[in-house]
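Visitor: Here you go, one structure.
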Amino acid sequence: MEFFTFINIGGTIAFAASGTLAGIRKKLDVFGLAVIAFVTSVGGGTIRDILIGHLPVRWILDSSIILLIVTVTLITILFKNRIETLDKTLTFFDSLGLGFFTLRGIQEGIAIHLDMPSCLILGTITACFGGVIRDILLNEIPTLFRKEIYATACILGGIVFFLLRKASISPEIVDVVTILTIFGIRIIAVKMNISLPKIK
Amino acid sequence: MEFFTFINIGGTIAFAASGTLAGIRKKLDVFGLAVIAFVTSVGGGTIRDILIGHLPVRWILDSSIILLIVTVTLITILFKNRIETLDKTLTFFDSLGLGFFTLRGIQEGIAIHLDMPSCLILGTITACFGGVIRDILLNEIPTLFRKEIYATACILGGIVFFLLRKASISPEIVDVVTILTIFGIRIIAVKMNISLPKIK
Amino acid sequence: MEFFTFINIGGTIAFAASGTLAGIRKKLDVFGLAVIAFVTSVGGGTIRDILIGHLPVRWILDSSIILLIVTVTLITILFKNRIETLDKTLTFFDSLGLGFFTLRGIQEGIAIHLDMPSCLILGTITACFGGVIRDILLNEIPTLFRKEIYATACILGGIVFFLLRKASISPEIVDVVTILTIFGIRIIAVKMNISLPKIK
């Protein structure tokens, strides 16, 4: 379906671009930037595939995604200043990608008959843990664990997915509503600067 | 066997509680705390399962452990101050869990006909490497590599396991003695503040 | 073939010794040093095996490599000062190992019919990502991403491999030339202190 291909590619590009920008801030060389872009994009799906034993991991069987990410890295390096001003565009595609990758993870879980909590975990890992590996490689405590509504959006969107699925709604609509729910929660959280409570 | 179920659950709870407390010290949000509790509890077994190709990893097939850990995280957050005074109780279950998880790892190695050094490594990874992932996520050099008798207890207990196994002793007794050996070494090391030598 | 066995063992020893020395600088205890030596040596191959689903990972099926690495760790600890003066010898074997492990990774990729970009990635991961895990465990941003021609040598050597393979040259010669190309680029980069450009 074209809508899904569009946000898959858009999400991959947004994740790769944000990984590259994070790496530039930490003064990595060009090879390091390509690796960071790569793990930010495909790291979550890789952890998911390893946990469920779906090996070899998919990106290694498909060079087109490798070439896409390397291209995004080089473009981000060349047009760094302009891309940083594209903050809103990046957030837009990043949030759409968040929804799409969550959905992918949940669907992989359903395909091997996992129950709801495990599917929600797989969806969240797919969408968020590329960023966790990125932060570990850049020697930071993962942002995901410290601020912003990010994983929470994935979990809430996943619950919406399972609720709608129980009702007799067509699968395509369930998928689109799930993605838009996650997208919406994420965008609202960014705009209103909402974050999870910390323990004192 | 009820004894083993008891210390499996006790160990899981102790690992999850100690992970949560470590995360609170690093100012994680509630989602981050749940993740840290989770990797501290199941991270070692996950690495073991991946290395030997026993996939999907077990916890993803069994939501009860996921719910147990989330519950422990929430209780630890709510009763934080009281749980910190339970230091001795936590150390007690943590040390029992250390013994039990080591035994589990060794048994997994034997089940696929690995030789002794590989089994000892699997046992140690199962018991200790959840804590290693926890420390990496919290941006620390793993405590396991720097201080305290921890992995050493697992390795020595594992050697006891293989020695007893060669003698014609019933398997249940071998298992219990292995767990108690690791438990005993760990408790003595904590009480007497013993650690491995460092190189100058 | 004896030449390959020689550099496999030489490379493993060099990687283990450099891991141990890095750990001593970070004040790890002896157990921690053995773990760091171990992941530096076998970490890259382990990630490769996991990504392609070649499980259980090979080193767990073969205790001889475990014993070799533990022995190297102990010798490095005992003769620390003398081994640090062996800087040139270590770089020599480290660079040969870099070439050999890259070749191994590429061959594993070819064996499961991956295309060139994926094979280059597998070769680079095999050769370089043990060092990445070492740096993460020691709480540093991986050197690989920040300085020196290291992964670049693997990628260029891999491209040479594929070019020669298309010409009708005997496989043994292709293998030797690939290793020597990577070895040569790495040695020249070390001598002339060349590194990749960073982005400002």
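All residue numbers here begin at 1 and follow the chain in the order shown.
Cβ coordinates are placed from backbone N, Cα and C, and glycine is handled just like the others.
Given the structure is predicted, the values throughout are model-derived calculations rather than measurements.
Here's the feature list from TrEMBL:
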TRANSMEM  C:6-23  transmembrane segment
DOMAIN    C:6-80  domain 'Glycine transporter'
TRANSMEM  C:30-47  transmembrane segment
TRANSMEM  C:59-79  transmembrane segment
DOMAIN    C:92-165  domain 'Glycine transporter'
TRANSMEM  C:149-167  transmembrane segment
TRANSMEM  C:173-194  transmembrane segment
Visitor: Rank C:6-23, C:59-79, C:173-194 by Cβ pairs under 8 Å to the transmembrane segment (C:30-47) and hand me the top one.
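Guide: The stretch with the most contacts is C:6-23.
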Visitor: Please compute the mean pLDDT of the model over the domain 'Glycine transporter' (C:6-80).
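Guide: The predicted confidence over the domain 'Glycine transporter' (C:6-80), as a mean pLDDT, is 91.
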Visitor: With DSSP, how much of the domain 'Glycine transporter' (C:6-80) is helix, how much strand and how much coil, in residues?
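Guide: DSSP composition of the domain 'Glycine transporter' (C:6-80): 64 helix, 1 strand, 10 coil.
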Visitor: DSSP says what for the domain 'Glycine transporter' (C:92-165): how many helix, strand, coil residues?
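Guide: Looking at the domain 'Glycine transporter' (C:92-165) with DSSP, the answer is 60 helix, 0 strand, 14 coil.
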